[in-house]
Amino acid sequence: MEKQLFGGVAGGDSTAQPVVPNRNKPRTLATSGSKQDSVETLDSPTGSHVEWCKQLIAATISCQISSVPADTASGDCKPPRDGTKQVQTDEVPLVPGETIKAVAKDVMYICPFTGLVTGTLTSTNYKLYFISLERDTPFILDVNLGAISRLETISVQSHGENTRGMEIVCKDMRSPRFAYKEDASQPEIVEVLAKHAFPLSNDLPLFAFLYKEEFPVDGWKVYDPMAEYKRQGLPNESWTISKMNSSYEVCDTYPALVVIPTSIKDDHLKGVVAFRARHRIPVLSWIHPESQATIVRSSQPLVGPSDRRCKEDERYLQTIMDANAQSHKLTIFDARQSSVADNNKAKDGGYESESFYPNVELNFLEIPNIHVMRESLRKLKEVVYPSIDEAHWHSAVDQTHWLEYIRLLLAGAVRIADKLESGKTSVMVHCSDGWDRTAQLTSLAMLMLDSHYRTLRGFQVLLEKEWISFGHKFAARVGHGDENHANSERSPLFIQFIDCVWQMNRQFPAAFEFNELFLITILDHLYSCLFGTFLYDSEQERIAKEVQTKTVSLWSYINSQPEDFTNPFYVDYEHQVLYPLASVRHLELWTGYYVRWNPRMRPQMPVHQNLKELLFLRAELQRKVDELEREASSSRGSLSSSSEHTSSPSHSGGTPLHTIV
Amino acid sequence: MIETFGIKLICSKNSCLSPVVCLVVSVSCRLCLVVSCRLCLSPVCLLSSVCLLLSVCLLSSVCLLSSVSVPSTGEVVFCSASTVLKYTQDDLSQRGVFGVLLCTNFRVSFVSDEAPTEEMGQLFKNKLYGENDIPLSCVDNIYGGSEDKRKLITGGLVKNKYPSKMIIHCKDLRVFQFSLSFSKEEDAKKIFQGIVHHCLEPKSLRCLFAFSYCENTSYPEAQRKKQTVMFDSVEDWTQDMKRTKGNCRVVSENSNFELSPKLPQYFIVPKNVSDEDLTKYQGKGLPMWCWSHHSGCALFKTASIPLVQEDNVPQTYMEKMLTAVAHNHLYSVKTEDLSDTLPTVQDILLSYNRFKQFFLIDNTTEFWMSDMKWFSSLDNCGWLDIIRQCLQKAVEVVESLEKENTNVLIMEEGGSDLCCVVSSLVQLMLDPYYRTLLGFQSLVQKEWVAGGHAFLDRSNHLHLKDKVESQSPVFLLFLECVWQLQQQHGPAFQFSETYLTVLSDSIHVPVFTTFLFNNDGHRDSLLRAESPHTQRSPLNCPTVWDWSVQFDCKAQDLFTNPLYTEKPKQDTSVRKSYRPRHLRQLSLPSSAFKTPPKKGFFKDEADNLKKILGVKRLSRWMLSPSSDSPQTSSSVREFYEAWQTKPLDYHGLLLPCLDGPSIRVWMQRYLRWIHDVQILGGGPVAMLSKVSEILGEVQELQRQLDRHGCTLTSNHKGARPRAKTAAAVIAARSSVRLSSSFPFVTSRNWSFKPAIPTSLLQSLMVTGMAGNLADREDDGGPESLV
């Protein structure tokens, strides 16, 4: 039985329908459940849209209401909800640790799709919850406070005097607007919202530290650096797992464990540390199991306008090159635009000179910086929310350049992967600091090269390793709990990366074990502050704040119900390298994420639905066959037909979908 | 290895009476008959049968020896040149393969000198033409090139000159580049002139390959007749009307084209249309029945009569017809003049010509250059918008039928272009039967072939100068719309994307009677005239639906969609749940309805329903609703949204989403030949192969169960054996080795290099756009560099 967990989005609904039909239901969903006929609310996904909801709504925990018929509700999983709760009340569903902070009645939601709706607005310390019972079916809008970028008052004079308007500008591509009457007896709802939406600016803890849910799986155990390096075949004779940064003294933004060349002496290392920006020395990210070619990441060298040299750094790179016997070259990919790299050089940064580093080839990938990306996403929001210009859709998307940057990233990562795979050459990647574009490129290249990262667990490891442990500044880039929305440190670099993964997923629909919902869930909880996974800028900070003991990991939730996030089409491509096509012709705007608030863009029933039914049918048949098999063998002993059964497709039942039913 | 047999014959055509050399060439397992008249270079049609007889005698021994697939019978080689270099498409390196270039009465063909690599690519082999063959009518444009320049060849002016390089753009979007500079000068000149002559010059219909092909091939008629409803008999029409519970009159008076050769052989008109009404205005203004909705209302189409102000007669006639459509005021009628609201056939052609240029790519550099402007170019050419407009119009008509239960009469000048597009789309959306493979083929027969779409003029296979104006890819536009529907609601369609792509290619294969004529009368007169047995049956030619002419059974498996869900056999209790939905939409007191005793998708209407509906008088007389188009579009929007909130029934009404991102480019059709955009190991085929595999397993398990004599008790019978799939063909294990262009192109070898954009990375543009942003430090703070 499917879980009925919804939250974090506009629209809930009372008539949730199981995704995988249970045995009492006809196959065609359309003919089942006359209940749905009564559902008219356009802004809320209903009936057979549920699968879509699941695809779209990343959430779960935050809330949920579903009047699941008693016979279909089962308790095999641990839904954090009260299954008997009736939607017809305007009770706010709460997650453990969540408390209501303010309630405002007779608030109008100015829905850009279906017009005005009047209802009750509740602010908790985790979410904003709006429910209206004036339509046939309850209308629910649910926004995680963590997703709020800024709160603005707007003019709503048309709705009468004493009416105030508020616009909630969100990081997740929507901006719901409300109008409400002033009420002197109560604290202004906007202020309560602001206080809890930006806890760090108001000396409050992030909600992740208050969240008290317990999951059967501990997500903090997903990433064990030692185990991951061991999987890659490390340490080996050329590479060693070093504890030199175990107290984060060498580099405060690097993890405690890093992989460096074995032959490097400590005093030698000091020179390299001093020569690399923020002490982010070249360390190994991935090693090719056959050719021993490696992906190495670092920050820019501090060359400066006077072309400083560093003998230790030059020797260090030579050692990296020598660790790979297949090639006598090392390729450096500088993610920046060459003009920007030159500017950096004038300001004491720079790039490796091919004349000082023998056998080194330097390439610029010409990827613009975080500010350009932020601007691009801002423009994209204007294109997709609230309404879409039909006739000029493609040119409007074109003008945001968003897909072009996606293309640049993919093309860069393909070049890196190809260098390793066909050129058998080791590659070093850096940008300025080595925590933004570098993380994007190395993780994408690793995703192309190593099929392990294309599994549900493997992808979690990839994120934990390349992004979280290597110090992508999540707190600064997302601005968790911080009211300073204009901070120029904010930038959607991680979203861009997930978008690239989605594009790959689309080009290779069978190569990834996880599905679109998984990616959307990750992005929703990037903002939600419900889990500790994406909080803070570095491993050091996370240790200091005791994130692992005081918060829950996103992977705890995901891995407790992996079937929801599994791609039913998954086929293990084994050691196949995947080269996505970095052509705009094969890129598409991720409407399932960026345009998901528009009810017209919701698919009614995705293709997956059909396949899931098929998988269900297969499981059912398999069970039947096994049963008969057992009966037959117990009554008659060994059968001549048993050989046929061993060759039957039972072995391929590896997909966890079976467990749903 | 070329063997020649010389036979001297006299060229009797063009009265040049010169000796003709008839050569039988066997070029690497291909057997052709080369007939060329030294002087006049003309097709020697009259001789072909004589030659054939001779050649059969000569060749029979050779055939037996090499067990080769003889190219289509009736094929005659006009000219050939050896050591022609065919460039590999994907790079600028000027590399290629040498071979022989031939021009026959069917195709331009390149036969490589290298031994053909027989690989899995053979799986989806077209029996009529191979990957290096271009049927003559598939040639779109020919360019002559020298050095860097290229020039469009328009025919006529090519005497004595020939370019060193010949580029052929095909209508199925393949691009061929040949170098003639290594061939003998005389051969090169001859082949160039021959190809230009046969591909671009006007010719008569009987020169099309179909006629020589059909004379020499016999088709068991029964084989096709049992499947697709051809709508070439009274029974077919009567049955379709019965199926939809229509209540109109079948006209069979034109079965020998006595009424008018322009009118279809058989058609259906409203009951009240009298005999003399039929022939007034040459069938213009005559409402032709298309389809009946289960509520009793129906869709009609007509060719509009040009209304002259002073002349009242057509006006009166039109009103009379409308009354007939209204079934004596039982129904209200909406009329829709498509000429006013949809693009003209010329607009469609212009837009498509711009659109197709994005895919006719000569080399990698050009490709990556155009990649930068891709999205803006898409909007500018307007092709996707035309698709959207057609779908939108169809949704409007569906709304009138389904929600308002009015009769709809669509009209346009001619009545056989956009009327066909809209009426067939409406039927696809409303009637699940047409979403099956055979149903779809029947729909095309009904609306397009019998409906008199001028296929010949629209495709201009004959390159007639006076028909250039009437050329337009209207049928392709329809297929594009179907593809959009199919993309959005995959499991509702029994046929696959590949099927639609192949169908769109077949338009340009001049073998099938389906696409060769302008209307029934035209077809009948020509086939009769061409018949070898003058007094008896007309020439028996295959239709495009005889897929075995082009593909073997295994390849045809790829035409079916493995995800298609067959309509579950419902018991009555389930079917009742359909009812309330439709009734509720009639905006009538529900007490007026009693459940009719008969069950079915098309139910008999109760008499009282008719009476109540009759109260609604004709609402929109001769008024084009285009005047209130903003309202229309918002009403369509509401209609869509209301439909969207209901649970989706793949066997009920289907509506397309028309918002910007939902109308897409038909990647398989347009990108399949471009090497740089093939996703190796990816594309939809990766998904389909997984589905096929699971289906195969399900079927295997079911067989096992059957062996145990046990039937499945659950409700999943609906999913039981669906159409046989290509499971064996594309097992998931091999999907890693297929590309997004499957099944049209199969990767030759798996050691591939990724396509890396070669275009200048747009650093210039970015700085231009983002101004100072690009130059800023990632971390604005002063401490950004230690």
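In case you wondered, yes, glycine gets a Cβ from its N, Cα and C as well.
Listed features, source TrEMBL:
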- A:1-44: region 'Disordered' (REGION)
- A:29-44: compositional bias 'Polar residues' (COMPBIAS)
- A:219-594: domain 'Myotubularin phosphatase' (DOMAIN)
- A:N344, A:K345, A:A346, A:K347, A:N369, A:I370, A:C431, A:S432, A:D433, A:G434, A:W435, A:D436, A:R437: substrate binding site (BINDING)
- A:400-447: domain 'Tyrosine specific protein phosphatases' (DOMAIN)
- A:C431: active site, phosphocysteine intermediate (ACT_SITE)
- A:628-661: region 'Disordered' (REGION)
- A:634-661: compositional bias 'Low complexity' (COMPBIAS)
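Listed binding-site residues (A:A346, A:N369, A:D433, A:W435) with a CB under 8 Å from any chain B CB: A:N369, A:D433. Around A:W435 (substrate binding site), the same-chain residues at least 6 positions away in sequence with a Cβ under 8 Å from its Cβ are A:T253, A:R280, A:S299, A:F470, A:G471, A:H472, A:K473. Applying DSSP to the domain 'Tyrosine specific protein phosphatases' (A:400-447) sorts its residues as follows: 32 helix, 5 strand, 11 coil.
Each of the binding-site residues A:A346, A:C431 was assessed for Cβ neighbours inside 10 Å, and the highest tally belongs to A:C431. Cβ environment of A:D433 (substrate binding site): A:A277, A:R278, A:R280, A:S299, A:Q300 lie under 8 Å away, each six or more residues apart in the same chain. Among the residues A:N344, A:K345, A:A346, A:K347, A:N369, A:I370, A:C431, A:S432, A:D433, A:G434, A:W435, A:D436, A:R437 said to bind substrate, no two Cα atoms are farther apart than 21 Å.
Looking only at the domain 'Myotubularin phosphatase' (A:219-594), the predicted model's pLDDT averages out at 94. A helical conformation is recorded for A:A346 (substrate binding site) in the three-state DSSP classification. The Cβ of A:N344 (substrate binding site) lies under 8 Å from the Cβ of A:Q300, A:R336, A:G350, A:Y351, A:S432, each of these being in the same chain and 6 or more residues away along the sequence. Annotation for the binding-site residues A:N369, A:R437: lowest Cβ count within 10 Å of the residue's own Cβ, A:N369.
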